[in-house]
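J.: Here Swiss-Prot flags Arg48, Arg54 as NADP(+) binding site, drawing on sequence analysis. For Arg125, Ser126, Ser127, Asn238, Ala239, Gly278, Lys293, Pro294, Thr295, Ser296, Ser297, Arg319, the entry in Swiss-Prot reads FMN binding site.
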Amino acid sequence: MSGNTLGTLFTVTTFGESHGPAIGCVIDGCPPGMGLTEADIQFELDRRKPGTSRHVTQRQEADEVEILSGVFEGVTTGTPIALLIRNTDQRSKDYGNIVETFRPGHADYTYWQKYGIRDYRGGGRSSARLTAPIVGAGAVAKKWLRERFGVEVRGYMSCLGEVDVPFVDWSHVRENPFFSPNAAIVPELEAYMDALRKDGDSIGARIDVVASGVPVGWGEPVFDRLDADIAKAMMSINAVKGVEIGAGFDSVAQRGSVHGDELTPAGFVGNHAGGVLGGISTGQDITVSIAIKPTSSIRTPRRSITKAGEEATVETFGRHDPCVGIRATPIAESMLALVLIDHALRHRAQCGDVETSTPKIAGSAT
């Protein structure tokens, strides 16, 4: 298995399995001289960790991070930063019924056919448990981007199943377990999830992420375009089945006179492009949306096959998120931050001294 590293100059290599002794990552390429403590990382991990409400998995993991290397006297040294998170609440016996069968919609079948072996305990390497190290690495990236460029990366849930969540204010997001930007709709979301849980079923969600303060110029055309790398990173998140940047699929029905964001001396008139043109950041907000499929592990019996190819019925009994999208906001934020820091360093390496006579216009003319 070789696809375990994200990035070019700022790289993150994750390791571990859902029911192994620990999970973690090694970050390489972090600039030296940045203050960094475990508390900086723990704040983000606490936003993602399981067991925080009745609407997510009841697996109780503290997700306490340990910095093993790359930091001396509270400052990054420029050497690899190793982060470790110990697993403490595994219940592997819950998965005894799928040792010989494959869960529909999961990676069980494909991992088995590719590698000839699979860790059936909680999905092993394919588990969303492995997003915790990504969030840990994302905390490092967020801190550097904020301190070096004033970049802020924030996200929220914009849709839960059939329930749209209209944006009201960023301050609402941190006040509820759904990362909803609309406090008034939270009771409806809770009732929706309660009914879903009684049905033994699951549902998907849409998450929107915004990066503000990104300067013009980040991105490496043609094959490492900023939007291409963002899409790849987002599609690397468990259960993500779609990515939109800017207007996304709505662009299909827009005319060029509408979609093309006009430029004025005062700034851009619109942002249908989502802050990226030609694979390079424009200086506007970078806007990304992801579609997350329903959790595949549900209590409703489903048809499947055994390793021998015989018919079987699968019912999952482990502790699972009825909607993985509820905890996905910090993960999507982290993925965007990791792509941005990598491109910031790549831009600095090749084009850091480039200057033009054209003034950099504002992201918005209003």
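Backbone N, Cα and C define each Cβ position, glycine as well.
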J.: Run through the Cβ atoms and count how many others sit within 10 Å of the one on Arg54 (NADP(+) binding site).
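T.: The answer is 12.
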J.: Including all protein chains shown, what's the count of other C-beta atoms within 10 A of the C-beta of Ser297 (FMN binding site)?
T.: 25
J.: I'd like the number of other C-beta atoms within 10 A of the C-beta of Arg125 (FMN binding site), please.
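T.: Excluding its own Cβ, Arg125 (FMN binding site) sees 20 Cβ atoms within 10 Å.
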J.: Ranking the binding-site residues Ser127, Thr295 by other Cβ atoms within 10 Å, which is at the bottom?
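T.: So among Ser127, Thr295, the binding-site residues given, the one with the fewest Cβ atoms within 10 Å is Ser127.
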J.: Just the number: how many Å between the Cα atoms of Arg125 (FMN binding site) and Arg48 (NADP(+) binding site)?
T.: 18
J.: Restricting to the same chain and to sequence separations of six or more, state which residues have a Cβ under 8 Å from that of Arg48 (NADP(+) binding site).
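T.: In sequence order, the residues whose Cβ lies under 8 Å from that of Arg48 (NADP(+) binding site) (at least 6 apart) are Asp63, Thr131, Ala132, Val135, Arg327, Pro330, Ile331.
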J.: Could you check which of the binding-site residues (Ala239, Lys293, Thr295) sits closest to Arg54 (NADP(+) binding site), going Cα to Cα?
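T.: The answer is Thr295.
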J.: Look up Ala239 (FMN binding site) in the DSSP assignment and reduce it to helix, strand or coil.
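T.: Note: Ala239 (FMN binding site) is coil by DSSP, not helix or strand.
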J.: Would you count the other CB atoms within 10 A of the CB of Lys293 (FMN binding site), including those on all shown protein chains?
T.: 17
J.: For Ala239 (FMN binding site), what residues in its own chain, 6 or more apart in sequence, show a Cβ-Cβ distance under 8 Å?
T.: Ala128, Gly204, Ile292, Lys293, Thr295, Val324, Gly325, Ala328
